Amino acid sequence: MSAGHMGRAALILAATVLGSFCVSVTASEAQRYNFRFVRHARDAPLVSYYNYIVVGGGTAGCPLAATLSEHSRVLLLERGGLPYGNRNVSSEYHFADALADTSPLSPAQRFVSEDGVVNARARVLGGGSCLNAGFYTRASSGYVRASGWDHRLVNASYRWVERALVFRPAVPRWQCALREGLLEAGITPDNGYTLEHVPGTKIGGTIFDRRGRRHTAADFLRKAHPRRLTVFLHATVSRILFRRVEGAAKPVAYGVVFTDPLGVQHHVYLRRGGAKNEVILAAGTLGSPQLLMLSGIGPRLHLERHGIRTVHDQPGVGQGVADNPMNSVFVPSPIPVALSLVQVVGVTRFGSFIEGVSGSQFGIPLHGHGAARHAARNFGMFSPMTGQLGTVPPRERTPEAMRRAAEVMRRLDRRAFRGGFILEKILGPLSTGHIELRSTDAHANPAVTFNYFRDPRDVERCVRGIEAIERVVRSRAFSRFTYANHTAMEAVFRRAAGMAYFPVNLLPRHPRDTRPLQQYCRETVMTIWHYHGGCHVGGVVDQDYRVMGVQGLRVVDSSTFKYSPGTNPQATVMMLGRYMGLRILKERWIRKGAEEKH
């Protein structure tokens, strides 16, 4: 046997073993959570038929599929696995480990934007709700009006989401000090605990319960009709199928093709029933534009360069993509600080949102046996292991730079990492970019350009946000968690590091940092994982989220957003899944009634 054949045989054997392992894990976990309708893609029939095919079991896809299953047969296709039983997903103490995991089975798939900023996209049932810091807050009433949504149905959909997985956080002292510091810095009024998006300082909701256990969008599937919903995991959709129908002016979507981990192709078709049945993309900001282009919907010249036959020339696909730029400041504390993820937010009137995270993942040992060992290799969501290198300009954030920064942090005295990060995120943003195909491989990441801070108004918002953070750090309320002056604070790091290089941002206002704040913002930009756009309403989809130029196809996810909603988008993405599920079912019954009348 040739070396090539031997290698291919080894890959097939490995995939078979891996597939068997995934099936056993999926079966046991699905039974535990009463998900009898969840199966491995390898067990899928080669041909099947459904009323609705939902591509992407993420933050929007899960509530959408659960809602549609109330009255129709629905297939939900997810390229990742189950979130349950994975400590990195379920535990508040370990959530950053998922972002740092670059293995093929990780729930987070790493990508690096063309700007040089390291990022991640979800690859797990439940999507981004399995990877984020848990903060839950609604969109503003102005955002709802601008989106043209039904206000009453929006509120009902938010409440449906919140009954299932939103909790009021137990706010530790560091977060309380941040809240008081924000108020002292002039970010008023004090709005207390609220899920509403309002100017001032507030405590928001969280999807972590009091035991630190994460609840995700996958939990919505418990509300699904168990005999009308089928979920296939590890199912990667490669293209949407279109055909010309007599009497139809546009190409009609009639199914999809997906592959299982063994490379076997499966065809899923919409059941006979005319315009009532649909394919719905909920694959996210990267996945939905990518799949549209792979299926022949996108800019004609770009598709032709990749040998893709154009179904509909749509220049807007992949355009208007944005990632809210984030800049963070590490604030060392002279005393130990408890773990807290995002709980408090300052909604400024100048277009910047200020939040904070603190505690044990920055070097204070975790609870239980082996805690010190874990702390020595993980420094939380702002770690080199997650690609967040605040002191390294974006283009220089290479794998070698990440390795070097991680090694420096391993050598530091853990006491140097007492404290937390205060971060600011830009509203909007106004700077946008685009997504393009790298190849026709549906498993590969597309090329993403965000053009961070291209619009100077975003830069000025960042500058004002950093200045507000400085006021918080200097506030009387926050003084317990800061050193008396910069000299004392920096001395801790210099003694601990024993070297000039330090991979975590401190406040820029110190003698050795002579950069203008505008330059500081550009050089220390990071992602907050709130990217959106690529299938804008009015550009690619209409007000009912139908893809323009074809029939039988919609997009329901964050790729339709022109701006990120609220301070954190997950609440609105979940709401949109429920909202559009109800809207689609209503349309179905109206059509059915009209057909019966005729």
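Just so you know, the numbers here start at 1 and follow the chain as drawn.
Glycine residues also receive a Cβ, built from the backbone N, Cα and C atoms like all the rest.
Note: TrEMBL annotation is automatic and uncurated.
Per TrEMBL, FAD binding site is recorded for Glu78, Arg79, Val124, Val237, Trp529, His530, Pro569, Gln570. Other Cβ atoms within 10 Å of the Cβ of Gln570 (FAD binding site) number 27 in total over all chains.
As annotated by TrEMBL, disulfide bond applies to Cys462-Cys521. Non-local contacts of Cys521 (disulfide bond) by the CB criterion (under 8 A, 6+ apart in sequence, same chain) comprise Pro325, Asn327, Phe453, Val459, Cys462, Val463, Ile466.
Beyond the domain 'Glucose-methanol-choline oxidoreductase N-terminal' (284-298), the same-chain residues lying 6 or more positions past its ends with a Cβ under 8 Å from any Cβ of the stretch are 55-56, 58, 111, 121-122, 127-128, 237-242, 308-315, 317-318, 321, 435, 437, 440, 442, 445-446, 448, 531-535, 540, 547, 549-550, 555, 557-559. Annotation source TrEMBL lists domain 'Glucose-methanol-choline oxidoreductase N-terminal' at 284-298.
Under the heading signal peptide, TrEMBL lists 1-27.
Broken down with DSSP, the domain 'Glucose-methanol-choline oxidoreductase N-terminal' (284-298) shows 11 helix, 2 strand, 2 coil. In the predicted structure, the domain 'Glucose-methanol-choline oxidoreductase N-terminal' (284-298) carries a mean pLDDT of 98.
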